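Enquirer: Next up is a structure, given as structure tokens.
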Amino acid sequence: MDDILQIFFQECDEQLQELERGLSALSDGESEHETVNAVFRAVHSIKGGAASFGLDNLVRFAHVFENSLDGLRSGRFAPTHDVVKVFLKAMDVLSDLVNEARGGATVDSARVAESHAELADISGTGSNQNASQAATTEDVIPADFSPVPMDFEPVPADFEPVPFDFDFGEEEAPPAAASLLVTFRPHDALYERGDDARNILIGLADLARECDGEILTTCDRSALPPLADLLPDKSYLSWQVVLPPAVSEDNANAVFDWISEDCDFSIVREGAEAAAPQEPTIEQPEPAEVVAVIPPVEDHEAPPPAPTPSVAHPVQILSPLPAPATPDAHPGPSPAGSAASSTANGAAQTAARKPEQASIRVDLHRIDDLMDLVGELVIAQAAIESLSRRTDAAGQHELVQSISSMQSLTRDIQDAVMAVRAQPVRAVFQRMQRVVREASSMTHKDIVLTLEGEDTEVDRTLVEKLTDPLTHMLRNAVDHGIESPEARIAAGKPAEGHIVLSAEHRSGRILITIKDDGAGINRQRVFETAVKRGVIPADAVLSDDEVNNLIFMPGFSTAAQVSNLSGRGVGMDVVKQAIQSLGSRITISSIPGKGTTFGFSLPLTLAILDGMLISASGSTMVIPISSVIETMIVNQSDVYALPDGSNVISIRGDCMPLIPLATVLKLSNSPPPDSLDASVILVVENESGARAALIVDEIRDQTQVVIKSIESNYRQIFGVSAATILGDGSVSLILDVSALVASAIGHIDIKPSNIRAELAA
Amino acid sequence: MTEQTELKEATDTKIVKMIVFAIGVQEYCIPILSVREIRGFEKTTTLPFAPPYVCGAINLRGIILTVVDLAVYLNVPPQTDNPRRVVVIVESKNGVVCGLLVDRVIDMADINLNDVQAVSEDGSCLGGLVLVDNRMIGLLRLETVVGQLVTDTISE
Amino acid sequence: MTEKKILRVLTIDDSRTMQGMLRKALEEAGYDVIQGGDGIEGIEVLESADPPPNVIITDINMPRMDGFGVIEAVRKMPAFKHLPIIVLTTESDPEKKARARAAGATGWIIKPFSSDSLVAAIRRVTA
């Protein structure tokens, strides 16, 4: 059961996402039927699964939620702004309840109750014209949802007796001495629905067998036409079955549970009135003879003793669940049931201990693609093998060709594997809705978050790492980006703030932007704050962009009023670090009065990198191509020596430090040559756009490399971010360009650059 | 110290199987259970800012690890021309894998930890000395070596 | 009870949880289980199943094609016109049941269900 519980929780996550997606579509004014249905289905599924595992809190809340959504679905009220708001809040509660069921933190019952009341309120006020519906949406789980008392007691974890539960014999069966006489005549419809009189007979025989009795069956073939006239789809036969006295009417009734409308039947105790009852149904083909309608409730509350023929049968059951369905009006959890419940709890506890889901769902066609490629790979390999045995020149040529096609195949396989690992950013993006919702309610702002490009896919390891930085950035946008409603109105803007979170593919990377329509960064204030905090000297001369970037400085916070929101422990410097560790940098653009846009780009995967192979002092190293701006040969006249022995180079008027790679990394002991003329340099750029020129011995190749950790078995090395394994099996280091640039700039003591260096750090 | 107590706990009889190797004229041993494999010494990739005893990095079936030249580490004159030099790949308790470059592997020995004579220095890489067949063998503290490898500050 | 041939059950449900529970309960009871993730898929599975199932258990509320659609579609297929179909539902709405019935459902099971009730329901239509 544990594994199914796991599946259930996984599915809850998916359903919650679905719910979030649907609700945000609703709040965007879309009210298509399918959207509403999907939302309803999501909650409905969670409820259904939760009920199977006896997750009472969850079932109860989901049920109320579902009822409210049903009101929306059936058009009893419209998805107004307020209604959607209540639903969104309920979704958060539901999500927390799922988490609770998983073993997470207990949800504050007041919160649940509040949301509960709001939900009830919606459907209540929305369905004035339908009083009975309003009643259902109060606290009541309809009796047939599960045969549990109406007073909102927890649904017992075990499975309740259901209609065809045949074995509640002993206590139920009235100690009747007389045999039970069952007669029935199926309509054509019974057969049309895949049922068969044989099923009924066997059902009745089973009942008899439970009481160690036998049935006595008589088939009435009087209606059977001559063979020539016989229509195979028609029903011509009827049966009379005598059951042992121990069989109760209820149990016999249960056999007819599904076919009460497709079959004339009567169930009578033999004895005083034995002769009478057969007539009405057997002889008459029409069910018009229905004598009475017995409400199911009465039927099982007190099984009528020896019913009179005129009253009891045939029973036309109008209730959704026929009487015999719940023969026991107050089912207590059976011993077996409580055992089941404790296992369910146990399962929940084990589930809590398990970390993040270790499995992913992959589209079948992606696996198929991969399989196809692997098939091709096997063929290509065989070709190479046979070609390598040939010694003629033509064979050599073909071999080279085969190897190059093998190369492209490998690249395709790599892409296919990445596609398998890829996940849409949707999951993370949708979580941000809640972040914004909570943050705006805390700051008393009215803010709408719009998501764009949620289907953009990135490597799943990256998806997970996005959550924290995005959370902080959005909180920051809510807290500092968007103004208070009053200020907005004063500025002639709509009171409702707007934030757009978007993802898109751009040149092999994923670009993520967070755009708000707030006041923009107050550069004056940022600058003053930075000076006050000693982050920069008061006489620093900074470009607008540099001022913007000050907010990422450690120790910086727009101190005037740190709200309890973005002031919660982490600053934007942490965000910047997190983004950097994902191999990106944050860019800011801000227009006063119009808003601020943060952007950063992510590689499609963290596992593979496009790199330039260079050598320095005999070592082959890799530089990420993304950070290389250009490569060139040094002209000595562009180089200026600084007093401390370092050099700067002017490239088209742009001055930047020269970094002799081998020396900086202490790979070579020999001092750098006097003249740098004709040296090969790579102009590289770090996250904040600061540049430096790396002096290398040689540029060897451009290639894709697989990133391997070096720290797992060693320590962090300055200037090195990771390592890789080259084609010959040797280890090659991947350079950390930002660190190299930062340190080079740091060595040169020019004030604005110094700040740049710190910004880049 | 901790390693030794742990070693003691690891066996009821306090007998631990050790692999014995030579560095110069000295013999050292480490528990055989920490050894993953032994391979020939191959070219390593030089690492920036590495302490002198780190030869560099090698690729062990896709895992990158560093090789420690124990001769340099232990201040014993290394035998660079010795063709029998091998790299003993070891794994520390916390899962760090590294290679130890030794002059040659001698043999295996069952060492009774009760026979180990402690050496005074605490935190040294030498866990004690033991006499086996009249040979004095030093107990190398693997965790100390690996610990230094992982955390040593860069001496710029 | 006397029959020893293995019955094949097709379950159609969009919830993987429910599918898991159905599979577990049915396989433990000795049935051969095939599954479809929604109505459309369920019909596809039914059409390509060899041997064909002896009974279908279907959810009502599903994307793409719901349970009513499944029942109607199956009843239109000459080969499966008389195949028992059991509806799996938490629906409290009597209308739903009436619709399922009108579409040609053989019976229904209320979620949450127990293995016993599930097996009893199948026995009820395949006895």
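Quick reminder: no glycine exception, Cβ is built from N, Cα and C everywhere.
Any TrEMBL annotation is an automated prediction that lacks curation.
Quick paste of what TrEMBL says about this protein:
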| type | residues | note |
| --- | --- | --- |
| COMPBIAS | A:321-334 | compositional bias 'Pro residues' |
| COMPBIAS | A:335-352 | compositional bias 'Low complexity' |
| DOMAIN | A:1-101 | domain 'HPt' |
| DOMAIN | A:372-606 | domain 'Histidine kinase' |
| DOMAIN | A:608-746 | domain 'CheW-like' |
| MOD_RES | A:His44 | phosphohistidine |
| REGION | A:298-357 | region 'Disordered' |
Enquirer: Using all protein chains in view, find how many other C-beta atoms are within 10 Å of the C-beta of the residue listed as 'phosphohistidine'.
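Expert: There are 24 of them.
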Enquirer: If you average the pLDDT over the domain 'HPt' (A:1-101), what number do you get?
Expert: 83
Enquirer: May I have the DSSP-based helix, strand and coil counts for the residues of the domain 'CheW-like' (A:608-746)?
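Expert: Once the DSSP states are binned, the domain 'CheW-like' (A:608-746) shows 20 helix, 69 strand, 50 coil.
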Enquirer: May I have the DSSP-based helix, strand and coil counts for the residues of the domain 'HPt' (A:1-101)?
Expert: 85 helix, 0 strand, 16 coil
